[in-house]
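Feature annotations, courtesy of TrEMBL:
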BINDING   Asp22, Trp23, Glu25, Asn27, Glu36  Ca(2+) binding site
BINDING   His86, His214, His218  Zn(2+) binding site
TRANSMEM  37-57  transmembrane segment
TRANSMEM  66-85  transmembrane segment
TRANSMEM  91-114  transmembrane segment
TRANSMEM  126-145  transmembrane segment
TRANSMEM  151-168  transmembrane segment
TRANSMEM  180-196  transmembrane segment
TRANSMEM  216-235  transmembrane segment
Amino acid sequence: MGGVYSSEKMAEVFSYESSEVDWCEDNYKHSEHVVEYFNTMSSFSFFVISPIMLYLLHPYAKERNLAIHLIWTMMIFVGLFSAYFHMTLSFVGQMLDELSILWVLAAGYAFWFPRRHYPSFIKDRSTFSSLVLVVTVISTVSSFVKPTANAYILNCFGLHLAYVVVVEMRCCTDQKVLRLGKLSVALWVLAISCWVSDRFGCSFWQRLNFCYLHGIWHILIVIAVAYASTLIAYLDASYEIPYSLPGLQYWPCDKWAVGLPHIVLKGTTKTQKRC
Ligand SMILES: CCCCCCCC/C=C\CCCCCCCC(=O)N[C@@H](CO)[C@H](O)/C=C/CCCCCCCCCCCCC
Ligand SMILES: [Ca+2]
Ligand SMILES: [Zn+2]
């Protein structure tokens, strides 16, 4: 009896619309198998941006630590779980979406969080990374206590990252770096406005017959992460591997007004550091 009950419960968490969260986009408008069509499709932007960022970050990762590739590899999974969530609006989809974001953030903090912002009792990156791991495991378990709160807590990390970028930019004089900092924050502000507006202003957007703000958030946030993560990686390279003489460029063409930022290493390998 108990076995039947628990397997029914198990199946329930996978079922369509078992999540308590429902975004503004009309359900089943374009397909009977996809609950939120535009939100699902826009999640595919992660599949476009992530491989390009893996390619663009490769020279820096090769010099610094190949494990850095974990971040954009995990972003592919964030896109996959986000598409699954919006396709089904299932509880499992929601948890996979949110927990994958939590673990990418954890990897980002572990690899890149600037040493000078560490709490005073932490002396090195490996202690900091262990602390991040412990906090992430505890947060993963506690995320099941009140799942509707998870997204707000994750957005607090976005706010913290924006704060770190602003603090770092205060004493920066390089115009290219400053521009990247401003663009990262502007894109994040635009993205978060779409997320909040979709969450709390749905009746207004329904009257305008424009319920696509959450999908637009997907596209803007992946670009914001590409910009902000390159900036943070650039600052990391400047402090941790200064002999590589890091610089910033845009792909596909540095002269274009739009493009994806990446790091170029004008110096050469680690061996030169020893000379
Ligand atoms: C020193 C640390 C460096 C960290 C580098 C950045 C690592 C990338 C971190 C997060 C990836 C965010 C991916 C967003 C996925 C969106 C999926 C989604 O829409 N999920 C929603 C449900 O469908 C869910 O409600 C969203 C929850 C909120 C997620 C908040 C994520 C914080 C993003 C931080 C971005 C930083 C921007 C830079 C600021 C200048
Ligand atoms: Ca909906
Ligand atoms: Zn989403």
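Using N, Cα and C of the backbone, Cβ positions are placed for all residues, glycine too.
A contact between the transmembrane segment (91-114) and the transmembrane segment (180-196) is absent, since fewer than 3 of their C-beta pairs, 6 or more residues apart, lie under 8 Å.
The binding-site residues examined here are Glu25, Asn27; by Cβ neighbour count within 10 Å, the least packed of them is Asn27. Across the binding-site residues listed here (Asp22, Glu36), the residue whose Cβ sits among the most other Cβ atoms within 10 Å is Glu36. Highlighted in sequence order, Cys24, Asp26, Val35, Asn39, His86, Leu89, Cys211, His214 have their Cβ within 8 Å of the centre of the Cβ atoms of Asp22, Trp23, Glu25, Asn27, Glu36, the residues recorded for Ca(2+), and are not part of that set.
Checking each of the binding-site residues (Asp22, Trp23, Glu25, Asn27) against His214 (Zn(2+) binding site), the C-alpha distance stays within 10 Å for Trp23, Glu25.
Of the recorded ranges 126-145, 151-168, 180-196, 216-235, the transmembrane segment (37-57) has the largest number of C-beta contacts under 8 angstroms with 216-235.
All chains included, 25 other C-beta atoms sit within 10 angstroms of the C-beta of His218 (Zn(2+) binding site).
Across the fold, the C-alpha of His218 (Zn(2+) binding site) and the C-alpha of Trp23 (Ca(2+) binding site) stand 13 Å from each other. Glu36 (Ca(2+) binding site) sits 5 Å from His86 (Zn(2+) binding site), taking the Cα positions as reference.
DSSP assigns Asn27 (Ca(2+) binding site) to coil in the three-state reduction, outside any helix or strand.
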